[in-house]
Amino acid sequence: MNSETILLFDVGNTNTKIGFSTRSEIGLSFVLPTDPGGTSDSWGLRLLEICRVAGYAPQDIVGGAVSSVVPPMDPILKSAVKKFLSCDLKFVPRDIELNIENKYERPWEVGADRLVTAFSGRCISDSENIIVVDFGTATTFDCVVGNAYMGGLICPGVMSSTKALSSETAKLPHITLELESTVVRPGKSTADSLNQGLIFGFAAMVEGLSQRLRDTLGGEVELIATGGFASKIAEVCCAIDRVEPTLLLDGLRMSWFGVEE
């Protein structure tokens, strides 16, 4: 059982992250553009190539756990895995129930990614209250009190904001999101002003909104950051307590294999 290898799929609006996992750890992971226009065969061939690069034969994979916010991708991936890897996918939380109470007014509206990261954060944190900030296509704040998912906030994402600036302002230079200093100061060039505005702006948003949420939740609150820009924002954001780059994949791993005591 401990040696079983599964695939983990984090299907987001922009990218799909695919990782290999055993009960105890996550191995190699790969990021592909989310392409709901692709066929099950095209995705199956990609999966075979990923397995080859990672050193696995198709028969080594016994199944897969999926968090998806792109419904058209679901049947494509399910068919691809069945045909090319001869195993089944389970979608979380539809096929695998998460051990967390969903307090959303309409529970079915919550994105699978938000529930999985909330569950994963609950599993790794000793704090009674937690806030998970996920820097994805959108920036989401998800609150957990005890073993209950309380809901949260959805804000613009770092990359979507960057693309909006680039597409709507013809004279702006290329935005790199690289800082010359971790101390905010007046930018001396348009590029520097943009990079500082975005990075420090999102850091300030996290600091401000998380403090308001902390005041609402009360007591000790741990803030866990994840997503592609978490490490970069955490360098200049005092509100972030820890960064967990694989939080969602770990949540899928624990949902499949169970949580180790």
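Cβ from N, Cα, C; glycine included.
A 10 Å cutoff on Cβ-Cβ distances gives Thr16 (ATP binding site) a total of 23 other Cβ atoms nearby, all chains included. Among the features that TrEMBL reports, ATP binding site is placed at Asp10, Val11, Gly12, Asn13, Thr14, Asn15, Thr16, Lys17, Thr137.
TrEMBL lists Tyr104, Gly111, Ala112, Asp113, Arg114, Thr190 with the feature substrate binding site. Sequence-distant contacts of Gly111 (substrate binding site), defined as residues of its own chain at least six apart whose C-beta falls under 8 angstroms from its C-beta, comprise Val69.
A simple way to gauge crowding: the CB of Asp113 (substrate binding site) has 26 other CB atoms within 10 angstroms, across all the protein chains here. As annotated by TrEMBL, active site, proton acceptor applies to Asp113.
Taken from TrEMBL, the feature K(+) binding site covers Asp134. With a cut-off of 8 Å between CB atoms and residues at least 6 apart in sequence, the same chain places Asp113, Arg114, Thr117, Thr140, Asp142, Ala225, Thr226, Gly227, Ala230, Leu247, Leu248 near Asp134 (K(+) binding site), listed in sequence order.
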What's the longest C-alpha separation between any two of Asp10, Val11, Gly12, Asn13, Thr14, Asn15, Thr16, Lys17, Thr137, the listed ATP-binding residues, in angstrom?
13
Spatially speaking, which of the binding-site residues Tyr104, Ala112, Thr190 is closest to Thr16 (ATP binding site)? Use C-alpha to C-alpha, please.
Ala112
Cα-nearest neighbour of Thr190 (substrate binding site) within the listed binding-site residues, Asp10, Gly12, Thr14, Thr137:
Thr137
Three-state secondary structure, Thr16 (ATP binding site) (per DSSP):
strand
